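Only one structure is covered here, and it is reproduced in the block below.
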């Protein structure tokens, strides 16, 4: 049975005792990593009491949980010599059961990923806590060095089994003392209790970069099984209070307990369910709907037509670019090299099902979010309504999607997964609907804008085919839009496709007197913010903080569509997008290279986070050198690894257990102006969860927040001086049949109410150099800001 996770403040002590002892729900407990210190109640919750009083239950503490194990028994938790986050160390260990079958020592392949600013002071360890693992040296290593190290599979035989007790084995094998290890820079990596079945590891066995992490959890499971075989399942019947005022647990045999009042489903405290009991289901998909819609999809295919009519750019401009391309969208795969993208989707104000949705959160900035917001809907005839959504926009979309019924055979012959539905953006501040406590700043633009697109055109860049699609209610059999669009497409065969290219490629020169962009933060201010981030990281509040800022410029009478065409020409990207919500005076010109999250028709989720960016070189030799520097930079590898671990966690909340994997780690992709380090994370969606459940589990994208996500967003809200708005959110589609593909909004110009804004930033970690972080932020604004300067 898969692990069941609860927050450390979800249950009272009485709840915990009931499930551990009366319901016998869990064999063991894992106290997971987290930001902060075991000395602060808000950081550690009920876990200190659990370590103190649950003497007979196997417990594994990871990172903060490891420090808590030391703290509860009187050890000192102090600042490490340096914060180490997303970096690797070789370890050596005592050979105890937790490390059974795992090699030890230098060049053994026993590399672990560390995420910590605090450590247990080994000199303060009480006699009941025994050290069982240390780093081999004070040095850390980058991830790619692992790939080139000697084979680690052969090293498993180094560690021999020993039948002696855990304590005897540790005392016999362990060759260190605290004073010597303080001098040589070695860091304590694991401890065990001398009597209780309690263990702690400072590193992260669950990280993508840790070798033998699975074996550690397997060993802990075997320790658990051995413990219960030897001691039997003892449980509590009640609580008494001793003379000191502390609660103590009285135990009696299992067979004397009642079965308990709850059905068998499974819930627990960071532990493995044994009996499988629970209080509630995680998700309820049976939303009532007052208006079930039976949707019918009709479509036509035109083989090898795209190049004959001037390509995707000419098709969009001629078919949807009139009247300033009002109320149009274009999900534009303008960079298709190396299979990065294949399809482009475009459309405008459509048929009877078309509508525009604009959502604005109701919360006041700086206060705890109480939920809800205002949704304005305009239909194709121009009729508008405004309602208050108590449960928020994601809940509204979930119910809308649940109301659609359709036949799979309608789209079986299509090679893409968007067949009509919602196209638009989620703004960053919608994070309050996904677990964040509040927004420090209120967005200047609506928090979400979407079209319901019932008619669309698709270009297959691989085969050069063009598709026309139309969805309508089953009772409506009209194909008028398909017929009209087909006529327009055929007329494009006789047009001159070069004309647009020539016009959009005009060399627009800068004229004297042009007003440049104004930055929200000066160079000194941004560098100061980087230093604040590093202080938070040093104190253990975060591992990585994705700091951002924005630059703005007043504009007048800008031809927004031609600005976008120029941007896609100079900075093509696989997840580029054009959105024009004319009633809201919002045009979005996006050249994003980053996928936030995709769900395909097979139920496979995919994220492609980018962390690590460098400029392109002037010469081929310089360019290759810069690319290699990015590839082998310990700092950039650390940034990327931490976000990969975060995304694995996000996807793990909604994917089938064991299905989350990383087919590509730290791959380098090159674009017109930058090299980027990209990883790919995939998993199989749980069948009982919806598309919106998956989006909420991962939103906002971890590459724009840092890790851990919730605490990092709180810290960033306190540091950054303005709302992010559309920037850092996501743009894309959610198909009526619950597939979706969404980007991360970066490298983007937002035109709103006479102003162009561009957001940029970067991941701050302990290794960050403030001046270099500022230069990286500026580099990311170059391509979009240059185009704005040309067209304004």
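Cβ coordinates are placed from backbone N, Cα and C, and glycine is handled just like the others.
Keep in mind that what you see is a predicted model, and the values were worked out from it rather than measured.
Sorting the domain 'Glutamine amidotransferase' (13-136) by DSSP state (H, G, I as helix; E, B as strand; all else coil) yields 36 helix, 44 strand, 44 coil. What TrEMBL lists as domain 'Glutamine amidotransferase' is 13-136 (among others).
Confidence annotation: the domain 'Glutamine amidotransferase' (181-220) carries a mean pLDDT of 91 in the model. Look at TrEMBL and you will find 181-220 (among others) tagged as domain 'Glutamine amidotransferase'.
As annotated by TrEMBL, domain 'Anthranilate synthase component I N-terminal' applies to 324-468. Secondary structure of the domain 'Anthranilate synthase component I N-terminal' (324-468) per DSSP, as helix, strand and coil residue counts: 24 helix, 54 strand, 67 coil.
Summarising the annotation, TrEMBL assigns domain 'Chorismate-utilising enzyme C-terminal' to 523-780.
Taking DSSP states H, G and I as helix and E and B as strand, the domain 'Glutamine amidotransferase' (181-220) has 12 helix, 11 strand, 17 coil. If one looks beyond the domain 'Glutamine amidotransferase' (181-220) by at least 6 residues along the same chain, the residues whose Cβ comes under 8 Å of a Cβ in the stretch are 28, 30, 33, 51, 55-63, 65-70, 73, 80-81, 86, 88-89, 91, 93, 96-103, 109-116, 119-120, 122-123, 125, 127-138, 143, 146, 152, 166-167, 170, 227, 641, 644-645, 648, 662, 665.
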